[in-house]
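Listed features, source TrEMBL:
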- 1-25: signal peptide (SIGNAL)
- 104, 110, 278, 369: substrate binding site (BINDING)
- 428: heme binding site (BINDING)
Ligand code: HEM
Ligand SMILES: *[C@@H]1O[C@H](CO)[C@@H](O)[C@H](O)[C@H]1NC(C)=O
Ligand SMILES: *[C@@H]1O[C@H](CO)[C@@H](O)[C@H](O)[C@H]1NC(C)=O
Ligand SMILES: *[C@@H]1O[C@H](CO)[C@@H](O)[C@H](O)[C@H]1NC(C)=O
Ligand SMILES: *[C@@H]1O[C@H](CO)[C@@H](O)[C@H](O)[C@H]1NC(C)=O
């Protein structure tokens, strides 16, 4: 009896190995399946995707295919060849994988989802005059959260907080109020409660995306999700089309597609994540680098001072005055070079051929995924950026103080020398809003607060390696600091 069972088991195992086997054909990229059946390299990938991909790059070069949890993922790591993927949005599809994640993370399915209509809507509301308007609402929200009436004694006391929590919380709440909080008197819109729940959700996000939640984490996840859905109310009032905010237009668009209220709430959580999930962490790294690099801090303060000396109070500095800030821009680019680590993932809809910059061609199979990881190259590539692990605030400045755009690899001038916003057809729609939110935040903090590290010798925390691939990185632990309002406020 036991022998039959064992025999059957072995037959099943061998069959499984044969069926799950796949071999490389000559024109395909090097194939590395890993030794564990089906899972392949999933464990290494999840633990520290950056380290894993760097190791594979050493072994196979700039393009290779790995097996990850039953899927075959072709990684492409040569920035000179990225356009082959970014420009082909027909064969290499952005939306399918996005929909898989929508279902896994947000329990959201939109059967008649029209991605191009949604993007057109977003473009309309996040550029031009609408953007100017959003920026000024954001500015008001940041200031009122930061300077919110405290008792006079309270103002003189130092307050202590972790820098990450301080930045994330402030930017999340201000951004949330700006994009989702048009109605002032709705008690359900308490942005602090939403922030607290959102942080729990955010902490579980990578595991949701990878399907690796433990049974207990699964329970926590569903209760946090439930809580967030109920906190996000749907305020949709009849308005003329030209007066509608982005959120109102978005909800109306969903209604027109026959999406019910339950799914609309879920879609709201997706939008909260897409619009708020990266800005706070980016601001943390930026302020942290300034606090631990006095030269950089002085340069940024000098630039801000030169803009605001004409106005009596920096609070009244018109937004357009904040536009010409080459030093700050370089600091932001350098910050994101070091900390923005998204995967640019596409699903292969038909068998296709990728042509690399060096003329080599590789066949790619339908059903696989193609993944770019600009963090490894260009961003951390020592051939492109000297001492790539170091924060150099003027890395993106020429000697004369103008913006530096000339970076080289293999003797070739690069089109993509840092890629925090993606590129091509699916480049981040909200980047201008994100940039001006971060700039406004840093400006307000530096002009209104005295801010210092609790331990002046502390250095930046390490990054949490489990988040490679999911946008802006987050720190392990936090950087303790204290702050109080400056005397004049
Ligand atoms: C520091 C902050 C941010 C970073 C680093 C960032 C990064 C990115 C990246 C890398 C992509 C491209 C993904 C791909 O090609 O696969 C993307 C797409 C997108 N981002 Fe952002 N983002 C940020 C903030 C924002 C904000 C504030 C908004 C909205 C107001 C936003 C809205 C979007 C949308 C809608 C897309 C999808 C574009 C499409 O469908 O083609 N992002 N973002
Ligand atoms: C999606 O929206 C675009 C732009 O609004 C429209 O041209 C297109 O016909 C729509 N596609 C579908 C399948 O509804
Ligand atoms: C690192 O990130 C993961 C996933 O977001 C999270 O579960 C874990 O608690 C984080 N670790 C630390 C030390 O912050
Ligand atoms: C920062 O990077 C973006 C591309 O991501 C570029 O458009 C911008 O001009 C850069 N600014 C500076 C000062 O390097
Ligand atoms: C795609 O390529 C694979 C592997 O080369 C092949 O087995 C398959 O038949 C091709 N499919 C189509 C539709 O050409």
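Including glycine, each Cβ sits where the backbone N, Cα and C put it.
Annotated features taken from TrEMBL, shown on the structure.
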residue : record                 : DSSP class
104     : substrate binding site : helix
110     : substrate binding site : coil
278     : substrate binding site : coil
369     : substrate binding site : strand
428     : heme binding site      : coil
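The local packing around residue 110 (substrate binding site), expressed as other Cβ atoms within 10 Å of its Cβ over all shown chains, amounts to 20. Of the recorded residues, residue 428 (heme binding site) and residue 278 (substrate binding site) place their C-alpha atoms 12 Å from one another. Among the binding-site residues listed (104, 110, 278, 428), none has a CB atom closer than 6 Å to any atom of ligand 5. Look at the Cβ of each of the binding-site residues 104, 369 and count the other Cβ atoms within 10 Å; the largest number goes with 369.
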